[in-house]
């Protein structure tokens with residue numbers, strides 16, 4: 001299954017004879033529609049209303065982004081949720097919401113430690129403190145502290161890349177630029193899982209709802225971030241598959257260039273397919289729904305040992 005990224009201006013996008021077709025003056029590429037999970041259009045490409053409706057009708061969302069690391073504007077198929085699910089989401093008791101948030105944070109920290117062990121770093125993160133949190137603000141504080149510990153450890157694994165901490169909007173270095181792209185990629189898949197479940201992406205348990213912020217999607221991503229995104233990005237950087245010339249550097253920021261976007265997209269597609277992340281995200285949505293009714297919130301763990 002494939003996420004198709006289009007970022008070359010002027011490319012013509014069409015769906016015909018059971019295939020998604022991209023055509024430009026220089027090249028033509030195509031994929032069987034049954035293998036396409038989403039279409040991401042960054043910048044200015046040409047796509048007809050008929051093609052958008054064809055894709056959406058097949059359950060393939062079409063995401064439009066001004067930049068590769070920004071929130072998408074998405075076209076989905078018809079909403080297939082239930083009002084009962086939405087009522088339960090909005091009426092979940094605060095204690096149940098806190099329990100779900102705590103489970104997600106504990107899973108995030110545990111999975112981050114798993115990544116560090118896999119990469120050969122001995123750091124231990126503040127897992128116990130998060131497990132004992134009794135209110136949301138304290139939990140967010142422990143999550144933030146563990147994240148700072150984690151990214152400091154990642155910095156030690158990436159000498160020479162000017163990476164010191166997680167910073168974005170704008171990204172000051174190549175590592176942060178690649179991470180932002182990868183997190184946006186995972187966010188789209190998470191939003192898709194929420195759409196299929198019929199839940200509102202803006203009402204989170206850990207992240208505070210604000211404007212268009214997809215707080216619940218950001219919550220659900222937490223256990224997946226380090227194993228899916230960070231491990232993929234570090235693997236590409238450390239192996240030389242994502243070199244410095246894969247980035248665009250200006251006085252204001254560092255951005256992943258077109259070639260770099262394609263490299264990271266291919267690697268993320270591969271990991272998401274091999275690890276069954278689409279199914280795992282839907283199960284995580286179900287677990288958070290169950291937690292809202294007082295059940296334990298089971299959280300995703302990587303399918304392989306470090």
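Cβ atoms are placed via backbone N, Cα and C, with glycine included.
It should be emphasised that the depicted structure is a prediction, and the values quoted were computed from it without experimental measurement.
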Need one residue: from 121, 207, the one TrEMBL lists with 143, 222 for Mn(2+). 207
Suppose we draw a 10 Å sphere around the Cβ of residue 143 (Mn(2+) binding site). How many other Cβ atoms does it contain, all chains included? 23
Nonlocal neighbours by CB distance (under 8 Å) for residue 222 (Mn(2+) binding site), same chain, sequence gap 6 or more: 104, 105, 107, 108, 206
